[in-house]
Amino acid sequence: MSISLRNVRKDYDQQTKVLEKVSAEVQTGEFFVIVGPSGCGKSTLLRMIAGLTPITDGEVRINDRVVNELPPKARKLTMVFQNYALYPFLSVWDNVAFGLKARKLSQSDVQNRVNNALKMVNLTDFKNRKPRELSGGQRQRVALARAVASDADICLMDEPLSNLDAQLRIRMRQEIYNLQRKLGLTLIYVTHDQVEAMTMADHIMVLNDQHVQQIGTPAEIYQHPANEFVAQFFGTPQINILPAKRSAENSHLLTVGSNDMQVALNEEVPADQLRIGVRPDELTISRADSVDSNAVVKNTEFLGNETIVYATLNSGDNVRAVLPGQVNFRGYEPIKVQVGSHLLFFNNDGERIGLTKEEAVHA
Amino acid sequence: MEMVAKQKLPQKILNYVLLIILTAVVLGPFLIGLWTSLLPTMDIAKGNFLSLHISLTNYVDAFQKTPILQYLGNSLWISTLTTIAQLIFCSMSAYAFVFLRFRGRKVLFILFLATMMLPFEAEIIPNFMTVKAMGLLNTYSAMIVPFLTSAFGTFMLRQSFLQMPDELKEAADIEGLGHFQFYWKIVMPYNRISLITLGAYGFLGAWNQYLWPMLTTFSNAFRPVQNGLRQLQSEETFNDWGMIQATAAIVVIPTLIVLFVGQHYFKSGMNEGAVK
Ligand SMILES: Nc1ncnc2c1ncn2[C@@H]1O[C@H](COP(=O)(O)OP(=O)(O)OP(=O)(O)O)[C@@H](O)[C@H]1O
Ligand SMILES: [Mg+2]
């Protein structure tokens, strides 16, 4: 079951325009993740695919058939709601069976599907309990079991893990991923958690500011973000974005900050002003005397296997660097910060431009 | 609980004394009534309330000499039908106000509420004319039809339905449940505490009707209990007070059952986990 969005648009009313020109192709059996900050319209988009919210303009196709006017039922999908939407008056077993019975499946078929689904989410022992007698994670799994038991091939999930604690979230992440693979579901998964997106998705759609910012595989999104927003959304600690200028003497040379660092390009620098993006683990830091230094250490955080160093360049820009192992710096110790070989370049509108850095660094 | 435990002793004593006095005031008449129902009428007439001639004779007499069974049957029938009808019609109209989108929904609801401002006494004359014109005087229908639905019930259930999470409706839409299925399989069980509350309220309301049946019934065949009691008292030339007390006690029993059962359900439902 493939899903395709063509120039989908949603205005709740004249003032609240939520989404514009959203286009995407979701292949059969794909794990498709929609991410974005709170309020960017992720749930709205999901609900439009489900048919719960009308579409202002554009087309939603399922299996190449326009479904704009189709009621939710006819779209043959299941949805896992953020708050689970379990029926408190039914047992776990009946909760899972409810939709199947409503779809008038035969009794033996219902039995099989429900039992299998409960086994898959490890809830067989709890099948006679009421939802209120379950923990948050178990309720979550009941909601998942409903999706698993359904005969629909498309499953929509709206931040299904947001209410769980960190450990359970990691476990459920794997369970959902395995289930999706095992059942070959076409899964559209909404989250605002970049880690969930990176670890589970075949493709990620990044939404912000009413528009699709980028669609791509996790690797593409991380390595080749379309713009500063995407670059900043993925990766912890956040990527460093620093202003850079074309050097007056050499048009291949970029100076970063107030001449704190220099980057030589293979081609001419296309504009007077640019911004460069450096992942924190692409920065190298060495101790330097105050003449040689281009930054001072503000703070360090030791995480066990690595150390995050917060430093301020002479230009006043703050940078974050991740160094392996334990590194000790004094506060305000002068250091020399250098950029590694993987750099991202953004124009003044925040769009990424494809430039390549020359191998040898002219420091 | 903690608050009570921390109170100083004198204050505690004062609290309990007050509580005991209030209990006595509230329960007193009830207990006196129950007590006198066990005494022979002769003793009551003489004012000998502390007599020890206790027996259940009054109760036996009540069942044998008066149409109390007929009255009880009438009331049970009327109250049960009224309760069921109110549950069905109020829940359906509340459903419409919450889950159906139609033009004029708000206005209609306000009109509905406005009828709540009108006391029943003000409606009695037009209602009486209507019932009379329909030829329903002195029938069960006269006592049931005007109470088939109630604005209060609709209002109460609407509030309860509004508390349901939207996702339940949306999940039902995805499963393809129609309005009637959603109403019957999800809305009704989800709101059963409110329904029980309304049911108990409706039942007691019907059971304790007095003014309306007094106007519309003329024979014991249809007379409900409250009016039956009055009838007993006025019919007997010699007032057998012991027996009348016994009938009164019998009449109260269903009320107590409804309250106890209702309270049990109400308590069990209070801490029911909703969605999350
Ligand atoms: N029924 C509605 N009427 C009007 N505006 C709405 C409605 N539902 C959502 N919105 C608005 O649309 C925008 C997007 O909402 P949406 O729920 O899709 O965000 P989201 O990306 O899911 O956010 P979150 O991560 O917090 O769940 C918000 O600004 C919200 O205020
Ligand atoms: Mg949302």
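Even glycines carry a Cβ here, placed using N, Cα and C.
Remember, TrEMBL labels are computer predictions, not curated facts.
Feature annotations, reproduced from TrEMBL:
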DOMAIN    B:72-262  domain 'ABC transmembrane type-1'
TRANSMEM  B:13-35  transmembrane segment
TRANSMEM  B:76-100  transmembrane segment
TRANSMEM  B:107-125  transmembrane segment
TRANSMEM  B:137-157  transmembrane segment
TRANSMEM  B:193-212  transmembrane segment
TRANSMEM  B:241-261  transmembrane segment
- Message: Can you tell me which recorded stretch out of B:13-35, B:76-100, B:107-125, B:137-157, B:241-261 has the most Cβ pairs within less than 8 Å of the transmembrane segment (B:193-212)?
- Response: B:76-100
- Note on the structure: Quick tally over B:76-100, B:137-157, B:241-261 of CB pairs under 8 Å to the transmembrane segment (B:13-35) gives the top stretch as B:241-261
- Query: So what's near the transmembrane segment (B:107-125) in sequence-distant terms, Cβ-Cβ under 8 Å and 6+ beyond its ends?
  - Reply: 93, 97, 151-152, 154-155, 158, 211-212, 215
- Task: May I ask for the residues of the chain that lie six or more residues beyond the transmembrane segment (B:76-100) and have a Cβ under 8 Å from a Cβ within it?
- Result: 108-109, 112, 140, 143-144, 147-150, 153-158, 160-162, 169, 179, 182-183, 187-188, 191, 195, 198-199, 202-203, 205-207, 209, 224, 254
- Message: What residues elsewhere in the chain lie close to the transmembrane segment (B:137-157), defined as a C-beta under 8 angstroms and at least 6 residues from its ends?
- Response: 74, 77-78, 81-82, 85-87, 89-91, 93-94, 97, 112-113, 115-116, 127, 131, 191, 194-195, 197-198, 201-202, 205-206, 209, 212-213, 216-219, 222, 224
